[in-house]
Ligand SMILES: CSCC[C@H](NC=O)C(=O)O
Ligand SMILES: [Zn+2]
Ligand SMILES: [Zn+2]
């Protein structure tokens, strides 16, 4: 148990050489809510239609991956394989709301240290093309609430220095920045979504009556900061926008990740070498990218475990968190084949400098 009511389940397949670090196959157990009325089938029945599409909340995010890990290990064991490195499967809670009651705590516990993870796989995203996306880093979620205070009064008057005017200035600064980043992404075909910083205005709060000018109003933003951004300078920029709007404008964080890490995707990283080699042997095309949102990989990378985000779903639209989340059975089953090969390769990576 990592926190009250939050359990991490670990399944272990011991390797033949216990001095080697292990392979961690992570997946989260929780899913996001549904709007049932917008679904073609009951989202909690895992209904398979006549074409072979499996409809379910979690079909992509990420029950598919948890089951594929289990099936790949089952197959390898059934075929009598035995690898040098231990394989652990971790099933964690709370990912969808930030992992604060899950992986964030687990990586600090002795039980995690005891796993001696050398490398981890975690979730990725579907890819609508023939290729498979693999994620080597993530953007940092910064959830920021800007609160503006000003002079109240009667709604019929030209009150000076109102909370709304100053909040409007901050909103404009931030949405102007948003547009700049959007243009930067749009104008450069080499840039993928995760390589620029995104922001959305997601909440506006304040006011009590039409004819009362409120003394305070707030706006909440979901920033996803690209991993190459200087975070100190970025926070100063936020401060600058608030200050420029006038007196009494402050901000606070509801989420603030400050330890972005990059898992190398070249042959200097033996795990990448084994992973990409196995994919090449299967004729899979890989598209390495930065994960646009946040997963538990960030906690693993931050404690020094190199991690790749990979959900083997090609020719599949990205439907996580969406209505009618679904996955074709053929893609799902091929994913089991893919993990079977990947695990054989990863659990056979020879002794590394950090091992023993
Ligand atoms: C920032 S904590 C929330 C984590 C969440 N992860 C999956 O969707 C996300 O919004 O990216
Ligand atoms: Zn997920
Ligand atoms: Zn999710």
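Using the three backbone atoms N, Cα and C, a Cβ is placed for every residue, glycine included.
What TrEMBL records for 28, 61, 123 is Zn(2+) 1 binding site. Sequence-distant contacts of residue 123 (Zn(2+) 1 binding site), defined as residues of its own chain at least six apart whose C-beta falls under 8 angstroms from its C-beta, comprise 26, 27, 28, 61, 62, 65, 295, 297, 309, 310, 311.
DSSP gives residue 30 (active site) a coil state; it is part of no helix or strand. A sphere of 10 angstroms centred on the C-beta of residue 30 (active site) encloses 17 other C-beta atoms. Residues or ranges marked as active site by TrEMBL: 30.
Cβ neighbour count for residue 61 (Zn(2+) 1 binding site) (all protein chains, 10 Å cutoff from its Cβ): 27. Per TrEMBL, Zn(2+) 2 binding site is recorded for 61, 96, 321.
Around residue 95 (active site, proton acceptor), a 10 Å sphere centred on its CB holds 27 further CB atoms from the protein chains shown. As annotated by TrEMBL, active site, proton acceptor applies to 95.
Residues or ranges marked as domain 'Peptidase M20 dimerisation' by TrEMBL: 137-246.
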_DSSP helix/strand/coil residue counts for the domain 'Peptidase M20 dimerisation' (137-246)_ = 43 helix, 35 strand, 32 coil
*Within 10 Å of residue 30 (active site) (Cα-Cα), which of the recorded positions 95, 96, 321?*
95, 96
*Which one of these binding-site residues, 28, 321, has the sparsest Cβ neighbourhood, judged by other Cβ atoms within 10 angstroms?*
321
